[in-house]
Amino acid sequence: MSSILQQLLNGVILGSVYALLALGYTMVYGIIKLINFAHGDVYMLGAYFGYFFINVLHLNFFIALVLAMAVSAGVGVVIEFVAYRPLRQSPRIAVLISALGVSFLLENGMSYFFGSDKRAFPQAIATVQYHFGQLQISNIQLLIIGTAVVLMLGLTLIVQKTKMGRAMRAVSADQEAAILMGINVNRTISFTFAIGSALAAAGGVLIGLYYNNIDPLMGMTPGIKAFVAAVLGGIGIIPGAALGGWLIGILETLTQAIGLSDYKDAVVYGILIVILLWKPTGILGKNGREKV
Amino acid sequence: MKKVIAIVAAFVVVIGAVVGIGMSKKSAEKTSTVIKIGGVFDTSGDASAYGEAEQKGANFAVKRINAAGGIKVNGKTYTIEMVNKDSKSDNTEAASVTTSLISNNKVNAIVGPVTTAATQAAVPAATKGQTPMMSPTAGADSITVQKNGKVQPYIFRAQFKNSYLGTKMAQFADEQVKAKDVVIFQDNSSDYGTGITSAFKKAYKGHVVDTASYQAGDTDFQAMLTKIKNQKFDAIVINGYYTEAGAILKQARDMGINVPVIGPDGLGDPKLAEIAGNQNASNVYYAAHFSTQAPATDAATPFVTAYKKAYGEDPSQFTALAYDAVYMIKQAIEDEKSVDKAKITTGLAHIKNFDGVTGKMTMDAFHNPKKSIVMVGETDGKDTTATVVK
Amino acid sequence: MDRTHLKYTLSWAGLVVMLFVLIAVMTIFDVIGQYGMTTLVLIGINLIAAVGLNLVIGMSGQFSLGHAGFMAVGAYATALIASAIPNIGGFILSLVIGMSVSGVVALLVGIPTLRLRGDYLAIATLGVAEIIRIVIINLKITRGPAGIFGIPNFVNWQVIFGISVIVIALVVNFVRSTTGQAIIAVRDNEIAAASLGINTTKYKVIAFVIGAMLAALAGGLRASFIQSVSPQDYTFMQSITILIIVVLGGIGSMSGTVVTAIILGVLDVILQNFGPLRMVIYAVVLIVVMIFRPKGLLGTSELSLKKLLFDTGDSHDNHSKNA
């Protein structure tokens, strides 16, 4: 029994990072209908920025975390401006290919300039294990869950309560109507990329600290899984991304716990397909009528 | 209609030009004093960390050979030129790059590819081009053997074959660690992981409690470790590379699992201790090709010193194997007194008591080097013990 | 009409013959060498897979991110069957079986997902391709991650050239047929097509199944040519490679696909000398091309011999080349 609880806890920790990444996917998809393949690589960049701030500038972990989020937010805005904005009126698949190009560029550029080998992430916070009965959790694991929850609540506040959040929701619902209402669409989209990238960077820095290693390709697999999480929860829906992330994390953990580690990714994709067939818009998705 | 005629006329001219180029090319052959060695290494994509380490090793070997005056054959002095091409961690690309090195760069021999699957894909190209190819690290037993059970004439390796590694690791677990029960973690995305696991299971006398698989690139092992934590076992065997092994080690130790960890040569990289954290990299044993603790030959220590001086870092097992691959080619050229591809192939097949960095090697009938395995023990991230497994 | 049609067909045939003679002369006089040969064959194989994918994307407006999965099915079918029956009959049988299995899988995936609009096909195919790969890694018969080697080779450049020409001819004819026109109607306006009584899902599924079968064909040919297969050959990146050919060439434009497959193949050869910098350059090229030609090199239009050679003024297809 205790081991099942422990496995659930493991799943939630793993899922928290997927959730942070999935939020970025879902916001971007919600607003410009783009599967932003470069998102996982922004997560990687965030980890490298964190590495740089801690290892080279010797900053405090939390300052490094915030700075990495800020710099990555800037990178996200630049990526959108250079590679996606010129394609606003083009077929959606052109933007998708451009996103793939950005992803290749970040992965291979980082490998080229900084080497493709793994780097050990500086252990800015010493690991302390806490025991609650049979359950075991470390301070870093608590930090991951805590940061993820705080950031998600913050995001919800921004989207629900601020003017910019309202603009985001408006652009996502109907871009043309939003323009007519005097909303600056470009600025709103930039803002969305900034927020999404900052969340991804937070995930990257936390993962760096937790697993103690980073490399230029670290964003590939989590990127795809986070996208799956976003679809599972209902793409375009912010609570859905969080739910999807945690679900995927728990699923992956439980598959391994019952001894199916050979098939852990296959199970995740299998469930994705089943859910899509049963409810194409995702778990929290609304079934909207198609409009002409 | 005019356009049609124009196109046909243009076509005839192009064909004429092609024929002309073809005729003139025939007379362009000339002799030179350069031996070209092709390098097929993955310097981008999933396997690039290993590919880069091997490329450095091969380049370093070439640099040292040339600095020492090159290779003397029949009174003529040859220098070596290394032609490296990136196989992108893509097997088709490995085959295509191998063909390119043979037919366009006219290399005398090839070092690479890095992985078993890429080597398998490159075998037909090397065989067709009758060019000797030495993979530093392809482990699958099958790569040097044809379907009909005969040896692949042009394919060699510097690495132990997987079954040999797995068997020796099992012997070490039985005799030295005296482990009665083990848990195995295997990298399920490469033959390296699964091949060693199956050989280990065959040879191991104790009981395998559980086998957990992971994919290259995985970072989270909490679920697997939680699952095994309350079971009884005396050792963990990690059949994979240092990247994931480092993460497993860290997470296991954090969780309070302190049993010995045994692994193949894939764990032999200074990064293992960096990723795991020095305090966690204790009670770890990996199969090594070379160790400064117990240098197998006189070549090992000078190599490590010189490499550190040149690159400012410790060489990994991958680097050392690629380095030896180049030196074996040099040895073959000197033994056969010829830079001819067929002669190099014969020379490689007859390598005997070669003093490499990774041990004293003799090629067996199936082009696998026979050398002893040293199990290196780490304490606090430092190599502290070395046990030769006979 | 029939006579002019014959004229175009003949001029295309003439072009194909010229190309064939050109390559033949180049090999006889050893201008391109063994490596040139290999490159040509690999371009041809990518071409066959890309033509299939273009049919799916271009004709149905939905995109697939799992082409590699279908290629893997074909590749492993050839690896297993052609190894067991090492003659030309066994090879052809293996291609047929690979294509059939792949078609059935596509049918199973396509029927439920193609009812939906949006990116569901992309997501479902992504999942299916990954599942196929993971199953291959774990099955005994496919020999796990090491894969299968020593597959007999029945493929040379003539075979690939022939098959490419046949595939392109068949696909172009399919597009121009009544069924093909129905599919295009679906792409252009699904609701209008449905209201005219066209069974949209049926045609999308047909396009998807053909695409998957061509992918399997390409996979089988490649397995035989490279003489080995392994699961790493058919990852997400392989799907992306093919997708990029289609999008850069212009979605819906078969000639665009052909031209891009060749250009990218040649670009790859040139970039090979740049070592690790190659993928960086490749990425930049990708972004730049998309920004300046978002509809691909040829957009939706086709290279028209009619315009090029006979220039009669009235265009066969209504799309203009102003992408």
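Each Cβ is built from the backbone N, Cα and C atoms, and glycine gets one as well.
Just so it is clear, the model here is predicted, and its values are computed rather than measured.
According to TrEMBL, the transmembrane segment annotation covers A:12-32 (among others).
For A:52-81 (among others), the entry in TrEMBL reads transmembrane segment. Nonlocal intrachain contacts for the transmembrane segment (A:52-81), taken as residues 6+ away from its ends with a CB within less than 8 angstroms of a stretch CB, comprise 38, 42, 45-46, 102, 121-122, 124-125, 147, 189-190, 193-202, 204-206, 209.
Among the features that TrEMBL reports, transmembrane segment is placed at A:93-114 (among others).
Same-chain neighbours of the transmembrane segment (A:140-159): 9, 12-13, 16-17, 19-20, 23, 65, 125, 127, 130, 165, 168-169, 195, 199, 202-203, 206, 209-210, 238-239, 242, counting only residues six or more beyond its ends whose CB sits under 8 Å from a CB of the stretch. Per TrEMBL, transmembrane segment is recorded for A:140-159 (among others).
Taken from TrEMBL, the feature transmembrane segment covers A:189-211 (among others).
Under the heading transmembrane segment, TrEMBL lists A:226-254 (among others).
Under the heading transmembrane segment, TrEMBL lists A:266-285 (among others).
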Could you tell me whether the transmembrane segment (A:266-285) and the transmembrane segment (A:12-32) are in contact, taking contact to mean 3+ Cβ pairs under 8 Å with a sequence separation of 6 or more?
no
Beyond the flanks of the transmembrane segment (A:226-254) by 6 or more, those residues with Cβ under 8 Å of it:
7-8, 10-27, 29-30, 35, 39-40, 152, 155-156, 159, 172, 264-265, 267-269, 271-272, 275-276, 281-286
Grab the same-chain neighbours of the transmembrane segment (A:266-285) for me: Cβ-Cβ under 8 Å, and only residues 6 or more beyond its ends, written as numbers and ranges.
225, 228, 231-237, 239-240, 243-244, 247-248, 251-252, 255, 260
